[in-house]
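Asker: Pasting in a structure now, in structure tokens, and then I'll have a few things to ask.
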Amino acid sequence: MSTEITHHQAMINGYRMHYVTAGSGYPLVLLHGWPQSWYEWRNVIPALAEQFTVIAPDLRGLGDSEKPMTGFDKRTMATDVRELVSHLGYDKVGVIGHDWGGSVAFYFAYDNRDLVERLFILDMIPGLIKAGDSFPIPVALMINHIFFHGGNPDWATALISKDVNLYLRRFLTTLDYNYSPNVFSEEDIAEYVRVNSLPGSIRSGCQWYATGLREDTENLAKATDKLTIPVIAWGGSHFLGDIRPAWQEVAENVEGGAVENCGHFVPEEKPQFVIDTALKFFAPLR
């Protein structure tokens, strides 16, 4: 079975989506967060591809996908993923989502219960908050970048775009999010700077956050019919920690916990943990 990573493009929901595939067998869909792309799964894909077909898109507006002006709420982005899976001809999939990709994964599973059979979440909750609820001050301080990016996305876009390298270098190496400052190599940082320097990319990313504070809160408040598929939810011990309680609000069958000595970027900080956990969790689907 091949572990070669192949790049593709397809017209999905009216825009050009870039995605990669590898391996063969039962399909697993890997959904990245911000400021990342399919590349965040680079250390995970080869091992998973030995037993599964791996599909890792650049989600709407990020990576090498096109940058549309609208559609950045996570429910719409989940329809992008559904259309990609349909384009590829699959009728059953397992899903792994990290960061905002975890929220997209939630709506993908929630709205497509006959399609998604298992859900693996990494350091993300279903949505930032339900409409009408309030952020506890300690949580708001920990995730303060969310309010910078999403509170006034046009202003944030203008400021970040002045020096994408400076901003992302700080974002990716600070101990605010990582257990270690050495998670990302210079090559890794350069790749994330490259894709986030493409025209429209920073705007798209800030819109991910803006909708997270607006449309997504309304959608989450309406998501009252719990998932019944198996869900595992693991947060980094030095960022969100044990995220099971948040997922138990939207799913009946949740396991997981906190990944020790790990921050937010779990697929890149602890790739072997992700590999081992995914292979065990998705094994019944093979």
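Glycine is treated like the rest: Cβ placed from N, Cα and C.
Heads up, here are the entries from Swiss-Prot:
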- 26-123: domain 'AB hydrolase-1' (DOMAIN)
- Asp99: active site, nucleophile (ACT_SITE)
- Tyr209: active site, proton donor (ACT_SITE)
- His264: active site, proton acceptor (ACT_SITE)
Asker: Summarise the model confidence on the domain 'AB hydrolase-1' (26-123) as a single mean pLDDT, whole number.
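Answerer: For the domain 'AB hydrolase-1' (26-123), the model's average pLDDT rounds to 99.
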Asker: Roughly how many Å separate the Cα of Asp99 (active site, nucleophile) from that of the residue listed as 'active site, proton donor', to the nearest whole number?
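Answerer: On Cα coordinates alone, these residues lie 11 Å apart.
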Asker: Using DSSP and three states only, what is Tyr209 (active site, proton donor)?
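Answerer: DSSP call for Tyr209 (active site, proton donor): helix.
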Asker: Measure from the CA atom of the residue listed as 'active site, proton donor' to the CA atom of His264 (active site, proton acceptor) and give the result in Å, rounded to a whole number.
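Answerer: Cα-Cα distance, His264 (active site, proton acceptor) to the residue listed as 'active site, proton donor': 17 Å.
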Asker: Counting by DSSP secondary structure, give me helix, strand and coil numbers for the domain 'AB hydrolase-1' (26-123).
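Answerer: Output for the domain 'AB hydrolase-1' (26-123) reads 36 helix, 23 strand, 39 coil.
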Asker: Tell me the Cβ contacts of Tyr209 (active site, proton donor) under 8 Å, same chain only and six or more apart in sequence, or just say none.
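Answerer: In sequence order, Trp34, Ile146, His149, Gly150, Pro153, Ala156 meet the Cβ cut-off.
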Asker: What is the Cβ neighbour count of Asp99 (active site, nucleophile) at a 10 Å cut-off, with all protein chains included?
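Answerer: Excluding its own Cβ, Asp99 (active site, nucleophile) sees 24 Cβ atoms within 10 Å.
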